[in-house]
Amino acid sequence: MSSNVVPLSGFKTPFVTSSRWSDINYTEGHLHEGANATRAPGNKFAEATAYEMFNKEYEPYPAWGPPNEVPISKKDIEAIFIDLMEIFGFQEDNVKNSFDLMMRLLDSRASRMSPSHALKLIHADYVSGINANFRKWYFGAMLDVDDDIGFASSKSCNTTLEEREAYWVSNMTNIGVHECTNHIALYIMCWGEAANIRFMPECLCFIFKCCCDSYYFIKEEGISKPLSNSFLDHTIKPLYEFYYNQCYITVNGIPQRNNKDHKDIIGYDDMNQLFWYRKGLERICLSENNTKLMSFPPRERYSKLNKVVWKKAFRKTFYEKRSWLHVISNFNRIWIIHISMFWYYTSFNAPSLYAKNYRQAFNNKPTTKAILSIMSLGGAIAAALTLFSVICELIFVPRTWPGAKPVLKRIVFLSTMLTANSLPTWYLLSESDQRQTATELTIATIEFVFSIITVVYLVITPSGQLFNSNIVDHRRETFSHKSFVSNFYKLNGSSRLTSVGMWCGVFFSKFVESYFFLTLSLRDPIRELGMIKISKCTGDYLFGAILCQYQAWILLFLILITDLVLFFLDTYLWYIVWNTVFSVCRSFYIGVSIWTPWRNIFSALPKRIFSKIICGNLKSIRAKVAVSQIWNSIVIAMYREHLLSLEHVQNLIYREIRIEGSEDKAFLKEPNFFVSHEDQSLSFGLFTQPSEAQRRITFFAQSLATPMPSVTSSSSTPTFSVLIPHYGEKIILALKEIIREEEKYSNITLLEYLKLLHPLEWSCFVKDTKLLAEEFATDTSSTGNSMVDNKQDLPYYCVGYKVATPEYITRTRIWASLRAQTLYRTVAGFMNYSRAIKLLYDVENPQYEDEDDEYIRLEKAAVMALRKFRIVISMQNMKHFDSNENENKEFLLRAYPELQICYLDHDIDPQSSELVYYSSLIDGTCLLSETGDRDPKYKIRLPGNPILGDGKSDNQNMAIIYTRGEYLQLIDANQDNYLEECLKIRSVLNEFEEVQLPLDPIGPDNSGTDYSHPVAIVGTREYIFSENVGILGDVAAGKEQTFGTLFARTLAHVGGKLHYGHPDFLNVIFMTTRGGCSKAQKGLHLNEDIYAGINAITRGGRIKHCEYMQCGKGRDLGFGSILNFCTKIGAGMGEQMLSREYFYLSSELPLDRFLSFYYAHPGFHINNLFIILSISMLLLVGVNLSALVSESVICEYDRFRPITDPRKPPGCYNLIPIVQWLERSIYSILIVFSIAFIPLAVQELTERGFYKAISRLGKQFASLSPTFEVFVCRIYAQSLAGDIASGGAKYIATGRGFATVRVPFSILYSRYATESLYFGVFCGVLVLFCSLVMWKLPLIYFWSTAAGLLLSPFIFNPNQYSPNQFLKDYKHFLFWIFSGNSKARLNSWSQFSKMRRARQVGVKRRTANIDLDMAHNVRVSRMLAFITDAALQSSIILGVGCAYLFANSQNEIRGAMPSNSVLRILIVAYGPIAVNVIILLVFQIISMITGPIISLIFPWYPSIIAFFCRILGLLSHVIGFHLLCYLQNYDFSTTILGFLLACCLVNLLFIFLRVLLSKEFSHDCSNRAWWSGKWLTSGLGCHIITQIPREFLCKVMEMSEFSLDFTLGNALFFIQVPIILIPYVDTWHSLMLFWLHPNQQLRPPIIAKRERRKVFWNFVLCSTLFLFMLLLSTSIVTFPLVLDKALDFSFDEYAPPFLMDLMQPYSAKLARKGLHANLVKTYY
């Protein structure tokens, strides 16, 4: 083909007249018998059952008017659907659903533009337009070339992409309306039946393309034979089965999840990316002779899809390997910024380290060339980091994938940059001459400038774009990458200025502060530690004096690492500060702050309601009536929700006042507060105390004073839906759940607690109920006084009713359900959209008020609501509901008949006996069958079980086909909405900027405009209605408010906001053609919502945030549920860091947007990790510094004295600057923690005022919320690190109930021991050593941190300090720690130990013999977990070990003998383990001989064996501790440090031993067989041979672990004894947790006299046991010390000789050693 000839366009759709559909029979052969069969052509597929409830007949799609007014009639559209159904074998219910979906889209668009334009725009959005995902895929995969000359001849194609796109535009502009309709219908039906394949948008595009090619061929050829009998089986099921087999295997006929990690699973994204490129499509082969599918003509490909061997086609396109390399690679620009700048700062302030022959007396400086040359290595660091990230890209992105970017060029250039930044330094510093020449100075200067240029270039340029300036965006090789990965919307104007300005402010502040506060303060410590030469230490017998001589350098290394961590931390601090500043400025700009200088928000409210809520040019008198209708409806809605009393209603509503003397004349009187009060009117008189109604009215008034898009009429409002996924959440509370205690650990019923939380609303409810009862009594002609006395009213105030009729019981249930986190509350709230549409339609159409029949007027409003709004609940588990849940579901459907419920149905195929799954839909109009179930409107067969992921995303995907309209709001089942907020829905939908759309959506003129980057997501504010239920609810609410409002405001403006699920609105066509509203690969997409936001951003969408609308949102209220949520989020972030989405964003985003993305998402979690790391590092610095201080003579210090002055006393070490640096660093960590409260304070200050901000923060601090924040920080960090190291991320049902239940100590301990308690003990021991040796006031921070880590689970546990419950808890703890050895117990220490071990070694597949549920099959990357744990533990051992060895090094002691510190600590660490081995072997022999016989008579015999064995093991460790005390000459500080080191050594040994262990069984047979000796009858079979030695290793580890847990558990109880002894501590504690007045607090239940006696004796027993254990523990710990010190008992006389060699040589402590008060002096 010559170059001047325009090639035939790909995707050519010939113009064919509509006559092909004219002969289709509408009544026979196409529809099953039923209601639809009797409808007229064009309405057979219409979903009109809801309309049939009305008296009049209404058209379901009125905007798609008569045939002569629309480009294609409904009859022809229906004919197209029938034709496609027959040809491809689509399911009839899918066809019906797709037809209604398409017609609703057409009706929605045509309601605000011409029908022809509407059809063209929808076609453009799906297929032909500049935004269409299909169009981008079509050119990216080179299908245009394939349609023209075929892939085989693609190299001979000489036409450019621009020429082909131009022909596409020409072809699609001239396409006929029938072809447009055909494309849309075919795509929607393919999508509707695609099931899980909907997560793969480009795969769906390929299927659609194959369908189109085959369809038009058979139409042109006149072939009438169907292409497939079942589209699902022919096309979708093979793809589904391939993915299913990736996730599941079959064991004994039962499907089970495999244990593969993500890197070994070909997931949805891997499968989808096969279709991005031509080379990927060429891999698709058939089972016949391995023929390539693309070698067939396009018209034949669809018929071959069922013969494709997908296993050969798909491969991994990104390896989600569990490695910290992802963090280094993805965020390499963050590391470059910080490490390079830290190098510049530190090297400049450390001249003493590289000055030639530095002497303190002369303070000689290095040459300028040396300074510049050393600093220039910052460029080499940047190049090395970037080079390393590129090498990591080789690991994660396979080179065989066509989308992999070439790395050779980058590696060569980066290696060159690394060399160029390193060689001059080597050359300049290799010169021995101290003098510098001009040439050398010039070289050093050029090197330094080049270093700066290198750092700036590598920071500004994304790694994916390095050295690629010559690549043109429209090259075919990069078109798919540009379209699907890096099609970012470019910020313009104020958004760009804000983004760049904010980050300039952040880093300017950070670099200035870091230099003076962090790095400049290092100058003195570096100089002093670098000069210290320790030559008088004796050292250790094995290592000599090597370690102690280098103690100063070890300390310097630790300080530098710590300072680098702090250097990372303060960036996040400044990000919070500047983000808050910009957010506040924006709040003033848009007018949401109460400090904004607009006033009269209430007096101007009527005008704003008319201008911003109501559409239409109504006359002034009519305008006032319209406003009164709106306002009165809002007030009455609040009254019906029992937020207002009748008195409030009378003061708030408009009233009609009759003019005296005239019956016909009247006027409307405004409420008083509109005209007589200003901003704070609601605070005076109307509401005596803050209430929910006051909050809602205030926000409504404030929001209308902000800029809002203008509204359109009700009839032209876009159609939208609400989607609510539901699994196991409460639908509506049952009566027994309300009036009965939740469980045995709860002291109050739910109803009583709700009455305490909402006293005003309960009072309104009771008054309303009494009025209703009186009215009912009057209607039934009751006699007597209607007013009852207080005694008769008591039932009303107790349970809400006097007579237990179903009506009154239901009212109480509804009242409670609307104040809990129930599905009923969510549905009732979001059905206010329907009420709002009805109200607005009625107000804006006054012409209908003249209707004779008011019912017809209301009917028209109801029809409008049905047309414009739909709410869908996805109840995936409805098939398994019990009778109560089914009753509650039916209650919902009776209350809201228009409610749509999608559920997962299944039948058994009689032929194959396999389960066949269906996605079914019901509503309140569906008929009830004989079984009591409703007949579904739609029942669409699925290729298999759709729930293959973590649940929510699959649940949403199953139901999304039943949503309608252009927009979709995603809601969780614990949210709420309000009528006054729903009235703003038209403004929110107009945020999508689709009111006025271009006339030509296909042409190139739209390129680069906002239309080419449509609004994909609009987020709204959330009000956390759980903020007033106590400290934990308020903390959780505060975090949600600051992130969802304060930060979202700025992030949306600078392009950094993503999708976080609720309550965002989605552009349906944009999102559903790009993979849907979430992603669904199990584990990897645990935080499923955010991936939809990333998808939208990378594929060209925009995300906005509106401030004027809010939804209610419930949050976790209990300590456990909040931390479960944190664990889920933290582990989910670990999975995100492994994902390809983070790689794409990090390697493609421009710098400012990359920083916004990083610090708003992964940076928060990495910051938590750095906080915990900084605490550990500072403590390691502290113990090493304390050891150095305690064994050194310290110089007098005066910071104003010249450093060249002689030091006093002679031979001293100047350690005061190091001590002061440590103090300053502790303060910096404290500031970082404190800064977390700034956003909440500013949020409250700007939106609620100074008093609210102070009172809320005051209550939080008084309730010890900082302690809780420390604990949460640890949970976040542990979850993130644990997931990256070993995996195991899973969905955790956090629970949304009220936190009134006391959680037993054993459950709290087993839940948080590994996450926090062990780390708290580690921190506590280190800070104790520091305090004993080197006390400083800032160490209080570490004490509070350790206390928070150890005590937070118990401080925030309801009724924790009730003496009776506390002592009972101790008894249960002892039972828990000794149980589980005779019979399987899930809640036992044995099971806790087994689960802890399983997280390291994994779990074997489930077998039929299951005694204990392992909670979940743990999938572990064992090698990575081993390397991570071993490296971390080794680092801790080195840090603590150096301090311990130096503390025993006998520095400054002349003639001292070397100590045996290493051997001593090894014996103390491993000696008890050796003893435990002997104990275990002896008791195993005993149990094997006696166990099988005795346990038949005495079943608890194995528990007795285990008890004595473990007690002896505990004693061995106690003896080891006392032995260390004795060997350390009872030096307590060194003893505790040594014992901590011994524990770390034991832990390191166990890490290596766990490598030898096989995976855990799901049952507990091995444990019980060990203690009972019944190995032959254990049911282990041939596994006995391997299980005996394995269980022996496990028991060796368990003996030491038991000692730790037993000791720590008892210590935690004993530590809390002083709190128990505080008078009325339980009352104060409840006040702190629940913020309830003592008179309203939770009280223990009233019990019978006999029960009280039982409780009393139980209290006596528990207190006796507790006191006995307290005295016994105290005696065991102090007995040897008492013998030695008080009774002068000499252990030396009885000690064996070898122990004397292990003794620490006794030396009198020199008085001049250590810190003294008079060391810091001021002479100048």
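For all residues, glycine too, the Cβ spot is worked out from N, Cα and C.
The domain '1,3-beta-glucan synthase component FKS1-like' annotation in TrEMBL covers 178-289.
For 335-355 (among others), the entry in TrEMBL reads transmembrane segment.
Long-range contacts of the transmembrane segment (367-391) within the same chain: residues 328-330, 332, 335-336, 339-341, 343-344, 347-348, 351, 354-355, 407, 410-411, 414-415, 417-418, 421-422, 424-425, 428-429, 434-436, 440-441, 443-445, 447-448, 450-455, 458-459, 463, 466, each at least 6 residues beyond the stretch ends and with a Cβ under 8 Å from a Cβ of the stretch. Positions annotated as transmembrane segment by TrEMBL: 367-391 (among others).
Panel annotation: around the transmembrane segment (541-569), residues 338-339, 341-342, 346, 514, 518-519, 522, 525-526, 529-530, 532-535, 1167, 1170-1171, 1173-1174, 1177-1178, 1180-1181, 1184-1185, 1187-1188, 1213, 1218, 1221, 1225, 1228-1229, 1232, 1439, 1442, 1445-1446, 1449, 1451, 1458-1463 of the same chain, lying at least six beyond its termini, place a Cβ under 8 Å from a Cβ of the stretch. Taken from TrEMBL, the feature transmembrane segment covers 541-569 (among others).
Residues annotated as transmembrane segment in TrEMBL: 575-598 (among others). Within the chain carrying the transmembrane segment (575-598), a Cβ under 8 angstroms from the stretch's Cβ atoms is held by residues 498, 501-502, 505-506, 509, 679, 702-703, 705-707, 1046-1047, 1049-1050, 1053, 1107-1108, 1159, 1163, 1235-1236, 1238-1239, 1242, 1246-1249, all 6 or more beyond its ends.
Sequence-distant contacts of the transmembrane segment (1225-1242) (same chain, six or more residues past either end, CB-CB distance under 8 Å): 517-518, 562-563, 566, 569-570, 572-573, 576-577, 579-580, 583-584, 1038, 1041-1042, 1046-1047, 1171, 1174-1175, 1178, 1181, 1253, 1256-1257, 1260, 1266, 1269-1270, 1273, 1338-1339, 1341-1342. Residues or ranges marked as transmembrane segment in TrEMBL: 1225-1242 (among others).
Counting only same-chain residues 6+ beyond the ends of the transmembrane segment (1316-1334), those with a CB under 8 A from a CB of the stretch are 1172, 1175-1176, 1179-1180, 1182-1183, 1185-1187, 1189-1190, 1219, 1271, 1274-1275, 1278, 1309, 1342-1343, 1345-1350, 1352-1353, 1436, 1440, 1443, 1532-1533, 1536-1537, 1539-1540, 1604, 1608, 1612, 1714-1715. The transmembrane segment annotation in TrEMBL covers 1316-1334 (among others).
The transmembrane segment feature in TrEMBL is assigned to 1340-1358 (among others).
If you look up TrEMBL, you'll see 1424-1447 (among others) marked as transmembrane segment.
Long-range contacts of the transmembrane segment (1467-1486) within the same chain, counting only residues at least 6 positions beyond its ends with a Cβ under 8 Å from a Cβ of the stretch, are 1505, 1508-1509, 1512-1513, 1516-1517, 1519-1521, 1523-1524, 1527, 1538-1539, 1541-1543, 1545-1546, 1549, 1570, 1573, 1592, 1595-1596, 1599-1600, 1702. Summarising the annotation, TrEMBL assigns transmembrane segment to 1467-1486 (among others).
Taken from TrEMBL, the feature transmembrane segment covers 1498-1524 (among others).
Residues or ranges marked as transmembrane segment by TrEMBL: 1536-1557 (among others).
Within the chain carrying the transmembrane segment (1656-1683), a Cβ under 8 angstroms from the stretch's Cβ atoms is held by residues 1363-1364, 1367-1368, 1370-1371, 1374, 1518, 1522, 1525-1526, 1530, 1610, 1613-1614, 1617, 1689, 1691, all 6 or more beyond its ends. The transmembrane segment feature in TrEMBL is assigned to 1656-1683 (among others).
The stretch from 335-355, 1340-1358, 1498-1524, 1536-1557 that makes the most Cβ contacts under 8 Å with the transmembrane segment (1424-1447) is 1536-1557. Highlighted: of the candidate stretches 335-355, 1340-1358, 1536-1557, 1536-1557 has the greatest count of Cβ pairs under 8 Å to the transmembrane segment (1498-1524). Among residues of the same chain six or more beyond the transmembrane segment (1536-1557), those with a C-beta under 8 A of the stretch's C-beta atoms are 1183, 1322, 1325-1326, 1328-1329, 1397, 1400-1401, 1422, 1426, 1429-1430, 1433-1434, 1436-1437, 1440-1441, 1443-1444, 1447, 1461, 1464-1466, 1468-1470, 1473, 1520-1521, 1524, 1528, 1590, 1593-1594, 1596-1597, 1600, 1604.
DSSP places the residues of the domain '1,3-beta-glucan synthase component FKS1-like' (178-289) in helix, strand and coil in these numbers: 74 helix, 10 strand, 28 coil.
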